[in-house]
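A short worksheet on the structure shown next.
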Amino acid sequence: MKFFQAASRWSRNHKFFLTSFGVLAGGGSSLIYALEQSIHASNDAAHVAKQKWNHNGWFDTLDHASVRRGWEVYKNVCAACHSIEYLAYRELVGVCLTEDEAKAEAAEQMIDDGPDETGAMYKRPGKLSDIIPKPYPNEEAGRYANGGAYPPDLTYITQARIDGENYIFALLTGYMDPPAGISLAENQHYNPYFPGGAIGMAQALYDEIIEYGDGTPATQSQCAKDVITFLKWCAEPEHDTRKLFAMKAFTILGVLNLVVWYLHRHYWSVLKSRKILQSPKSLFKK
């Protein structure tokens, strides 16, 4: 009630400004929403189904067993074409591998280094501080090996695609024979979840394509789920820590809110409950 009484005393210019601001804000939001929907509507790819991911809740963490299995899928299947060039071997320690395992895997790679004292470049075994090497030395080599299509880097792929994990899962498990009336060029494959349907990447995941170290059945959907969870960790290695800090912050703020509420009532109760008596001057004269 007090708000409406105060609003009734606002000047005409003030009301005009607030009304104009509300109309512009609402119109701008509606325009952005309409443009986004038009982009989705113009996409000729199939609708992506929503999957239930273990890490999607506000306080849910990544499935770290799945992250470790996802590293196995990436290393044995995806690494032949796709890079994760923003990830170093040391970041795998304690997440996917032990320190000794990470050192051993890094040492299997020959890394370009130098120059030495003679000015020549040389190769050396990898170290924990090295970035995981790319499968191709440059983009041209990657396109030549893949019929003109360049495999994207996967470090932040879950953040770089609309509907992230759901889209990648549908893409990895959605290969099929092209329907009647659709012809594909050489080295192209049909996937209804890829814009246009024709994709240069062949189907990569099959049942039992690898053998998991922990004995988990390596079905196609399991491999897809695990590698996507691993890529989610690659894009957001701070995922679990961020949610842990959020839980702590909400807890502390909740306690502080109760303290502030109590202090507010304690200090203002006297002022809010007092009564002010006004006596006319005529009473004092009498």
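Here, residue 1 is simply the first one shown, and the rest follow in order.
Backbone N, Cα and C define each Cβ position, glycine as well.
Quick look at what TrEMBL lists:
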- Cys78, Cys81, His82, Met201: heme c binding site (BINDING)
- 65-217: domain 'Cytochrome c' (DOMAIN)
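Residues Cys78, Cys81, His82, Met201 are listed as the heme c binders, and the farthest two of them sit 11 Å apart at their Cα atoms. Same-chain residues with CB within 8 A of the center of the Cys78, Cys81, His82, Met201 CB atoms, the heme c site residues themselves not counted, are Val77, Ala79, Ala80, Pro151, Leu154, Ala204. With a cut-off of 8 Å between CB atoms and residues at least 6 apart in sequence, the same chain places Cys81, Asn146, Ala149, Pro151, His189 near Met201 (heme c binding site), listed in sequence order.
Long-range Cβ neighbours of His82 (heme c binding site) (same chain, at least 6 residues apart, Cβ-Cβ under 8 Å): Tyr74, Pro135, Pro151, Pro152, Asp153, Leu154.
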